[in-house]
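Read through the structure below, which is laid out as structure tokens, and then see the notes.
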Amino acid sequence: MQSAAYSLSSPCSIPSLKPRKFGSRAGFQPIRVSSSFAAPERHEHSVSLPNRSWRLSSSSSLPLRAWNLVPFDSKPDRFEVRATAAESAGEGEKSGSLVKTLELGLLFGLWYLFNIYFNIYNKQVLKVFHYPVTISAVQFAVGTIIVSLMWTFNLYKKPKVSGEQLVAIVPLALVHILGNLFTNMSLGKVAVSFTHTIKAMEPFFSVVLSAMFLGELPTLWVVGSLLPIVGGVVLASVTEASFNWPGFWSAMASNLANQSRNVLSKKLMVKKEESLDNITLFSIITIMSFILLAPVAIFVEGIKFTPAYMQSAGLNVKEVVVRSLLAALSFHAYQQVSYMILQRVSPVTHSVGNCVKRVVVIVSSVIFFKTPVSLINSLGTGIALAGVFLYSRVKRIKPKAKAA
């Protein structure tokens, strides 16, 4: 066993120790501590210590010289490394969560922005070019080109669709056509703000159609949330400066068509093995809508979207074409982004975002077109939108199960 020998020198007058002479400087003689395998000498006091080498000596500046002491156990070091790794992982998770939040915020911002552009450009075109069927066909045509490019360049995976699926999608495409067509008809007749105030009635049609065709009976909370929606729309309608019945009924028909599409989606696309994701389904519906509507537009309104006709009608050809294309691009973009958001959030969150979107569109259109709005009209619109927000919150409240 290793031992450490302390050599202690002192000038004390002990008979067994020989006194040593002090140097010229006052102070203590060095105290030597060394590790050795040899047995201690006769006049030295032995103390057993671990294998360490200490040197303590006196000096003029400091009585003791510092030493380095290495601990036996290195577990604290390992603990520190593990803690650092855990902290790094936590920071990585926080960073990833922040990126997802920023990405979602960007998508919501684009959703609202494309909606604003669509409604403004679409209204500007429909005010001077009174052919809503043709404009709807142009919007589906632009959407078809975008979808084809996405599939061609593998920006989105091209789906493999069976004939049975295509047959099931045809009714969805028909009501999609009607929903967009009636919206354009309403925008051509009344103010953008009024069209979207009426479209706040969508939850009402959703509840009625779901009860009729899906057997989904609403809770009392849902029914209660519909009251301010209906009351607000009525109040806004009776005080609307641009009110006319064709514009009003077109917006109501748009609500009916859009909510019929949602109900049909649930009723027809029920088999999991045949289900398509939302973006793929929307892409197929867009192409199918163009194929179905284009011949109808030509038959009903003729070939009007040409430079020759626009010039003969005294229109600015470049202005109408550019605004029509921008409206079509915004129309497809906002719906595409809407489905991208729906893949990332719950339907309730998406519904709340849709309510906020309608508020943003109404306010922006009022500011841009300088639409005259009375206090009562604003109050009615606000009540209707508050009802939509309330509906989106209470819709997730499930009825209590009856005891057996």
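From the backbone N, Cα and C atoms, a Cβ is placed for every residue, glycine too.
A TrEMBL annotation is a machine prediction, not a hand-curated record.
Because the structure is a prediction, the values reported are computed rather than measured.
For reference, TrEMBL has these:
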DOMAIN    103-392  domain 'Sugar phosphate transporter'
TRANSMEM  104-121  transmembrane segment
TRANSMEM  133-153  transmembrane segment
TRANSMEM  165-183  transmembrane segment
TRANSMEM  278-300  transmembrane segment
TRANSMEM  375-392  transmembrane segment
Using a Cβ-Cβ cut-off of under 8 Å, list the residues of the same chain that are 6+ residues beyond the ends of the transmembrane segment (133-153) and lie near it. 122, 125-126, 177, 180-181, 184, 283, 286-287, 289-290, 293-294, 296-297, 300-301, 304-305, 324-325, 327-329, 331-332
Give residue numbers and ranges for long-range contacts of the transmembrane segment (104-121): same chain, 6 or more residues beyond its ends, CB-CB under 8 A. 187, 192, 196, 323-324, 326-327, 330-331, 333-334, 337-338, 340-341, 344-345, 353, 356-357, 360-361, 364-365, 368-369
List, by number or range, the same-chain residues at least 6 past the transmembrane segment (375-392) whose CB is under 8 A from its CB atoms? 193, 197, 200-203, 222, 225-237, 239-241, 348, 351-352, 354-355, 358-359, 362
When pLDDT is averaged across the domain 'Sugar phosphate transporter' (103-392), the result is 92
